[in-house]
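For reference, the structure is listed below as structure tokens.
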Amino acid sequence: MNNEESAKTPSPSSSCKDLDEDTRSTFSPSAFNRSTMERIIIGGETEKPPASNSSRLSQEVLKNYEGKSREDLIETVVRLEAELKNKRAQQKDLEDYLDNLLLRVMETSPRILQNPYINCKTQAKIM
């Protein structure tokens, strides 16, 4: 390699002073990842990645929420959480009611719960 080529070929250890003006604008010592010696291109940070079709959600679901702001979506989530909390409370109340009802039936007339049910008249005929 002659002196002219070595001046244009950047190395991680070379400083910007050793490089000519064209090379200095393209390469800088900080533009290299020193551990892997890969060139890092600066300036693509603001570009959005291409939209991928491998979303976990279907297109129909995405269309339902298209155009809604973040605040609208948060309001929807909060409303649905409140509804879910109310439904769970209602379900727990119904379960408690059924448990208490079953307990009262078992205490007062357990015969009703027998399988097959035999009422008093049928039992009297058998005996």
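Glycine too: its Cβ is placed from the backbone N, Cα and C atoms.
TrEMBL labels come from automatic prediction, so no person has curated them.
Residues or ranges marked as region 'Disordered' in TrEMBL: 1-60.
The compositional bias 'Polar residues' annotation in TrEMBL covers 1-16 (among others).
Residues or ranges marked as compositional bias 'Polar residues' by TrEMBL: 25-35 (among others).
The domain 'FIP-RBD' (54-116): residue composition by secondary structure is 49 helix, 0 strand, 14 coil, according to DSSP. Per TrEMBL, domain 'FIP-RBD' is recorded for 54-116.
What TrEMBL lists as coiled coil is 70-104. Mean pLDDT for the coiled coil (70-104) in the predicted structure: 98.
Residues of the same chain that lie 6 or more positions beyond the ends of the coiled coil (70-104) place no CB under 8 Å from a CB of it.
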